[in-house]
Amino acid sequence: MAATMPAHMPARATNDNQSIGPAALSPPQIRQPYTPPPRSRDSETNERDDGMEDGVVEVKPLQESNRQVNGSADVKTHGLGGMDDLAICASPGEFARAKRKRSSSLKQVLESQNLATMLRKGIVNHQLGLSLNLMILLSMSWCIFPSLRETLDAYFMLSYQSSLPGQEAMYGQGLRDLYFVAAFTILFTGLRAFMLNYVLTPLAGLWGIRNKRTRDRFAEQSFLLLYYIVYWNWGLYLFISETPSISPSATTPTSSAFSNLLISLWTGFPRLLVHSSMKIYYLSQLAFWVKEILVVHLEEKRKDHYQMLTHHFVTVALVATSYGYRQWRVGNAVLVAMDVVEIIFPTAKLLKYLGFQAACDVAFGMFVFLWLIARHGCYLTICWSIYAHVNEAVMPYGTYSLIDTTFESSDSSGVVSGLRLNPDGGDEAFQNIFQPFVDPGADTVSFNARIRWSFLGLLLGLQCITLLWFFMICRVVVKVLRGEGADDTRSDDEGEEEETSSSSLTSGSSPAQPSTPTSIPFAIRGEKQRFIEVETDSTEYVHRSPSRSGSSGGGGQRYRKGNAFASGLNLVEHKDILNRIGCLSEEQLAREREKKGER
């Protein structure tokens, strides 16, 4: 049938796309393997540069030209204008730094995507809004739901008012006091955010402080100064008002009057009622230190982060336990002794930020003097009184009644305390210290050696932290005596180098500025510097294209995802370095050998 098929009919295709006819009977053609054309040296350089992996120095193209260096043969590099256009050659040490930077960048990326980190940043950026919304929520709940008012009253007013005649201004203690502490914590957080963002930071700008970090420090120290001015004077007034008459007479030596002052701290135990002003002062101080713990965790870490955190925890423990154990008069004395230096210290730092270095040094001298007197003199005297007077001259061990009371009147105020029932104080500590909170219906409270040494241990632990800080203060004193000026060695300089580095990358400044640590240019034979960029991070690409005239400014563009590293070398004065890293041609090497031979 195929033999009778007309010659003009086309071949019929089958399902497997093979033709039937004379074409199918032709011998098969053997396809030769493809042979790429010979590659030039420039193309090899191009492919080698394009195929570099992360962490290897990659040379970005600048311009196409072939020039001679110092009369030597042409140095041909793909995309480069010759050796005099080159302003950087990376040493092998840069590879290790690049690897560390990549690991650090990856760690930062992973941390930034952490849910806890995102939550922390959200709270830091919205402290005022969150605090204001919580206070509005509590207020609206009190207005809308009458059934909740009895519970919500504890957030806005003092609880456990005394029902004794003539004691209407006195209050007891209980679990509802913690609601008052929570409300003040929210209030202090919102007040601090408002003052920092809308009052103190703009004020720093008006007074000529341009650096953002310095403005933030100025605002923080200004808020602390305002807080301690109010609370130190308030605490000193309360301490004086509750101190009995101890003025020495002709028959009473001065030393006995001083001992009487210390003994007055412990008299009247257990005090069953506290004055309203003392209760507000004490609970708000506790709220402030709780807020400080939150601030230390939420905001940027300083160099003394763990010392500050330990200090805040110990302070909260002392204030909470002394309030629960009815020792607010002793706690008031400790707070007055500790807070007086917190007025002078922020003042000295504010003077430093404003540029008044001489006044800052004078204030710092006053600060050191008050620190020694208050925190290592008066404070240790209170600790010594626990050892010398407690259980010896006053406040003996034993079990005290919370029902059978006695009233002691003095020139300043009346003290309602419980009667001592027996000398057996047991050995329980936690249940007796926090009795108003964990066992509010108890009829007795005990005092024993374990409680005594627990308080003394906490106070001495706080003293160890202040001694560590005093060592840092002595370093600043040495700097002042050398004429370098007072500066806080604890936390003020934290992060300044990082800020300088990041600002140099984001400010769009020319790489010819020697103050930025990321770009160190050198002149090449008196010409304008020409830069190439080095990519040392897999998450980083920085490109700056020079103009046709060879200048590095003007028409450059930058694309940034992380931190860039750029540097520069004077190729004429650093030939030995170029030789070690392979940046000199063979002819240049020969010339250098000839010069050394002639010498």
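Cβ from N, Cα, C; glycine included.
According to TrEMBL, the feature compositional bias 'Basic and acidic residues' maps to 39-49.
The compositional bias 'Acidic residues' annotation in TrEMBL covers 490-500.
Per TrEMBL, the feature compositional bias 'Low complexity' maps to 501-510.
According to TrEMBL, the domain 'TLC' annotation covers 229-482.
Annotation source TrEMBL lists region 'Disordered' at 1-54 (among others).
Positions annotated as region 'Disordered' by TrEMBL: 485-521 (among others).
TrEMBL lists 536-560 (among others) with the feature region 'Disordered'.
Residues or ranges marked as transmembrane segment in TrEMBL: 128-148 (among others).
The transmembrane segment annotation in TrEMBL covers 178-201 (among others).
Sequence-distant contacts of the transmembrane segment (222-240), counting only residues of its own chain at least 6 positions beyond either end whose CB sits under 8 Å from a CB of the stretch, comprise 192, 195-196, 200, 203-204, 275, 277-278, 281, 284-285, 288, 329, 332-333, 335-336, 339-340, 342-343, 346-347, 350. Marked as transmembrane segment by TrEMBL: 222-240 (among others).
Per TrEMBL, transmembrane segment is recorded for 354-374 (among others).
The transmembrane segment annotation in TrEMBL covers 453-472 (among others). Within its own chain, the transmembrane segment (453-472) is flanked in space by residues 304, 307, 310-311, 314-315, 317-318, 321-322, 327, 334, 371, 375-376, 379-380, 382-383, 386-387, 429, 433, 489-490, which lie at least six positions past its ends and keep a Cβ under 8 Å from the stretch.
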Please indicate, using numbers and ranges, the residues of the same chain that are 6 or more beyond the transmembrane segment (354-374) and have a C-beta under 8 Å from a C-beta there. 207-209, 218, 337-338, 340-341, 344-345, 347-348, 470, 473, 476-477, 480, 485-486
